């Protein structure tokens, strides 16, 4: 009876949802960041095509957010078993939501800052360093979620 209480049939569902949410939410954030900063690069490159390669940094940083989600999703998926406990699957759900939602927020921040920063850098090149610093702070938001997710998934 105690085994059914700790290991119900539906317990693996929460682990799968953790892996799915890690990938889905972080990919949504990365996609938004890529699209938003990419449109800024496209608009800026009409007037200053020589700055395209220098302005690609926000797109790269947005893509890294999806890698965070992929790492956690793979870790969770590899640790799923038939007899997983409810406690362990809730930890996996928490890990997936942690990296996924922080990746979503970081992607939004990177997209908005990248768009405005690229357009501003085209007009005033001294803004480049400030844009990079703000992008680093936005990227760290996703990194915090990755750290919490790794702690939760390895517990």
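Along the chain as shown, residues are numbered 1 onward.
Note: Cβ is positioned from N, Cα and C throughout, glycine not excepted.
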Membrane topology agreement for residue 38 and residue 124 per Swiss-Prot:
yes
Report the mean pLDDT of the predicted model across the topological domain 'Lumenal' (1-10), rounded to a whole number.
71
Within the same chain, where does the transmembrane segment (56-76) have neighbours whose Cβ lies under 8 angstroms from its own Cβ atoms, ignoring anything closer than 6 residues to its ends? I mean 6 or more beyond.
15, 18-20, 22-27, 29-34, 37-38, 40-41, 92, 95-96, 99-100, 103, 106-107, 110-111, 113-115, 117-118, 131-132, 135, 138-139, 142-143, 145-146, 149-150, 153-154
What is the number of residues in the topological domain 'Cytoplasmic' (115-131) that are helix, strand and coil, as DSSP sees it?
14 helix, 0 strand, 3 coil
Which residues of the chain, 6 or more past the ends of the topological domain 'Cytoplasmic' (115-131), have a CB below 8 A from one of its CBs?
36-37, 39-41, 43-44, 47-48, 51, 54-55, 58
So which residues does the transmembrane segment (132-152) touch in its own chain, when a touch means Cβ under 8 Å and the partner is 6 or more beyond its ends?
22, 26, 29, 57-58, 61, 64-65, 68, 71-72, 75, 91-92, 94-96, 98-103, 105-107, 109-110, 113-114, 117
